[in-house]
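The next block holds one structure in the form of structure tokens; read it before the comments.
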Amino acid sequence: MEVKEALFMNRGEGENSYAQNSSFTQKVASMTMPVLENAVETLFSKDFHLLQALNVVDLGCATSPNTFTVISTIKRMMEKKCRELNCQTLELQVYLNDLPGNDFNTLFKGLLSKVVVGNKCEEVSCYVMGVPGSFHGRLFPRNSLRLVHSCYSAHWLSQAPKGLTSREGLALNRRKIYISKTSPLVVREAYLSQFHEDFTMFLNARSQEVVPNGCMVLILPGRQSSNPSSMESCFTWELLAIAIGELVSQGLIDEDKLDTFNVPSYFPSLEEVKDIVERDGSFTIDHMVGFELDTPQMQENDKWVRVEKLAKAVRAFTEPIISNQFGHEIMDKLYDKFTYIVVSDLEGKIPKTTSIVLVLSKIIG
């Protein structure tokens, strides 16, 4: 099965769903709202007299309440600018994008209960539609978007990195599912190469879709360290690999399935992201910063409660692609193992996560 068919967050609204276990990305989105507000204000300052409608896309929207916050923030800022500039009523067209496997039903069910859609009596009329497809390619007509937003999505790769088997067909990243301290250099290079290729495709597609002077607000999980095997970027996948390895030892998973599985994700450094944007040359970097955050689970004093909540959050975004490789029937055992490993080996300590915030403007010309 291709990545685009297996990569999505846990569906529905149950106890293991992404909708119920996305508090960390909600925290990140909340902290970066001032950046989005400033981006909307900047759009009006550039060419507000030309605006009749603002076309916006949220790429990789999943089913998180983040999407509702993004729409409400943009709508509120548009209403504010309309009052300040005494301009005509504007329309807000929002496209919600994710891969076809995303639970758009749950997304729109929540959206209709939280965001006023299509109300002509408001200063800004809001219209929303879903756009399934991969953001690594074109999704919209040329020069049709003024604002692109994406939170914790652009780090996902279009496929597992190429070149992770030897000439003899042997796995080069044995007993691991991502970069680790024991991974050979070729694994690190393969992951960076795949991210470079995919993020370049992402930028190229958006450069055709975004109008001149339009902008993008991108938030990615990343790392402060230059070392891609640092714990801040490898924590989740490293411990899941250990948990899967224990299930292999118990005969519940075939070892070959572990050795041949590599997660299609990459946590870049700020320097790597900056280098790719500058090499592409379609956008200027208006703002770029990295910041660290504790996970919300760290607020829990009891380490078992803390880690059990962490395991649910991890399960919400990893289970679909993990179960596609290893089978649905062992998922409960796997995440129980994950919980036990974090508590027993790390005493419930969870490293901080680095987020990269990037504001890009489309170059005129």
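Keep in mind that glycine also has a Cβ here, set from the backbone N, Cα and C atoms.
For CYS61 (S-adenosyl-L-homocysteine binding site), the Cβ neighbour count at a 10 Å cut-off comes to 27, with all displayed protein chains included. The feature S-adenosyl-L-homocysteine binding site is assigned by Swiss-Prot to TYR18, CYS61, ASN66, ASP98, LEU99, SER134, PHE135.
What Swiss-Prot records for THR25, TYR152, HIS155, TRP156, PHE317 is caffeine binding site. There are 24 other Cβ atoms within 10 Å of the Cβ belonging to PHE317 (caffeine binding site).
Summarising the annotation, Swiss-Prot assigns site 'Involved in substrate discrimination' to HIS149 (among others). Neighbour list (HIS149 (site 'Involved in substrate discrimination'), Cβ cut-off 8 Å, at least 6 residues apart, same chain): LEU36, VAL56, VAL57, ASP58, LEU59, VAL70, MET216, VAL217, LEU218.
What Swiss-Prot records for ASN173, ASP259, PHE261, ASN262 is Mg(2+) binding site. On its own chain, ASN173 (Mg(2+) binding site) has LEU164, SER183, PRO184, VAL187, ASP259, ASN262 as residues at least 6 apart in sequence with a Cβ closer than 8 Å to its own Cβ.
The site 'Involved in substrate discrimination' annotation in Swiss-Prot covers PRO221 (among others), and the record cites similarity to another entry as its basis. Just so you know, the Cβ of PRO221 (site 'Involved in substrate discrimination') picks up 23 other Cβ atoms within 10 Å once every protein chain is counted. DSSP gives PRO221 (site 'Involved in substrate discrimination') a strand state.
The Cβ of SER265 (site 'Involved in substrate discrimination') lies under 8 Å from the Cβ of HIS155, TRP156, LEU157, TYR178, TRP237, each on the same chain and at least six residues away in sequence. Secondary structure from DSSP puts SER265 (site 'Involved in substrate discrimination') in a beta strand. The feature site 'Involved in substrate discrimination' is assigned by Swiss-Prot to SER265 (among others), with similarity to another entry given as support.
As annotated by Swiss-Prot, site 'Involved in substrate discrimination' applies to ALA313 (among others). When secondary structure is read from DSSP and collapsed to three states, ALA313 (site 'Involved in substrate discrimination') falls in the helix class.
Secondary structure from DSSP puts HIS328 (site 'Involved in substrate discrimination') in a helix. Positions annotated as site 'Involved in substrate discrimination' by Swiss-Prot, on the basis of similarity to another entry: HIS328 (among others).
Among the recorded positions THR25, TYR152, ALA313, PHE317, HIS328, the ones whose Cα is located within 10 Å of the Cα of CYS61 (S-adenosyl-L-homocysteine binding site) are TYR152. Taking every pair among THR25, TYR152, HIS155, TRP156, PHE317, the residues listed as contacting caffeine, the largest Cα to Cα separation comes to 15 Å. Sequence-ordered, the extra residues of this chain that approach the Mg(2+) site, with Cβ no more than 8 Å from the Cβ center of ASN173, ASP259, PHE261, ASN262, are ALA160, LEU164, ALA171, ARG174, LYS176, ILE177, LEU258, THR260.
Our reading of the S-adenosyl-L-homocysteine binding annotation (TYR18, CYS61, ASN66, ASP98, LEU99, SER134, PHE135) yields a largest Cα to Cα distance of 20 angstrom.
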